[in-house]
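Quick look at what TrEMBL lists:
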type	residues	note
TRANSMEM	B:21-42	transmembrane segment
TRANSMEM	B:54-71	transmembrane segment
TRANSMEM	B:91-110	transmembrane segment
TRANSMEM	B:116-132	transmembrane segment
TRANSMEM	B:139-157	transmembrane segment
TRANSMEM	B:163-179	transmembrane segment
Amino acid sequence: MKALSALDPLLEHRIRLGACVLLTRHGELTFARLKALLQATDGNLGAQLRKLEERAYLQSRKDFVERKPTTWYQLTPDGRSALNAHMAALRDLIDASGSAQ
Amino acid sequence: MTDVNKLQSDLDYISNTLREDATAGGIPALYFMWGGLIAAGFSLPDFAPQLAGIYWLVAGIGGGLFSWWLGERQSRRQGVKNARMAQRYGLHWGLMGAAFLLCFLPLLLGRVSPEMGGANFLLVTGIGYGLAGVHLERPLLWCGLLMLTAYGVLVLLMPPYTWTITGITVGLSLLWAGLSRRAALRAAGDAA
């Protein structure tokens, strides 16, 4: 099916997809905030975010919030367009499965 | 699990994540602060009109800057930096500030009575807070509706001490919005 091949394998993981959706909605989020919202463990979230960063889907910066070191994440333009394409493929897939029933 | 089931499960997980986000909503301290500032400031024209101008110059600008600082601090503490939302807040309250300044114009030119001028502030505040409730923070919707109701009462009955009544109405409705917001935040904290 065409819609299946259009899905981005990197965004098929629920934590990676969730992180990208949240960053699209909020702009910039800390690691701690993403962890709380996605209900993920430090290790799992860190590994998934690193994969997204390696593909330049998101970028991070270090900062201090009330003297505590904090990492902030935001989507890059590449990440945004990849997410849009993935969401469009998901919609096509849902539409196709609806018409097949 | 089949692919379709996995997809459905992933989509449910994402939508639950978005639903559980409790960052939207106002800061109770700001509601309390503006409730106090407005109640005191709107009472001045009735009791000490010579102080009203200087009060609003200091309280308006100082309160605005403090609100911006507190919002920024809260946002950093929560780990969310939403530039688009910050722009919406800035535009909304900036437009309200401009509308407030325009409310002074008919008063300065003597085109309306001081009583009607006071009521106009309540009308503008009611619309501003009501729309903030629609687009920014839900507790402000009920606050705005209460102010608009008070405006109707003021215009129909024209009681004495219009400015004071206006200020106290706005102050009480903001106090109520702040209390309800604080209760919602505590409930969200308890549930977490």
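Backbone N, Cα and C define each Cβ position, glycine as well.
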Intrachain residues whose Cβ lies under 8 Å of the transmembrane segment (B:116-132), provided they are six or more past its termini: 38, 42, 45, 92-93, 95-96, 99-100, 103, 106-107, 140-141, 143-148, 150-151, 154-155, 162-163, 166, 169-170, 173
Same-chain residues at least 6 beyond the ends of the transmembrane segment (B:91-110) whose Cβ lies under 8 Å from its Cβ atoms: 60, 64, 67, 117, 120-121, 124-125, 128, 131-132, 135-136
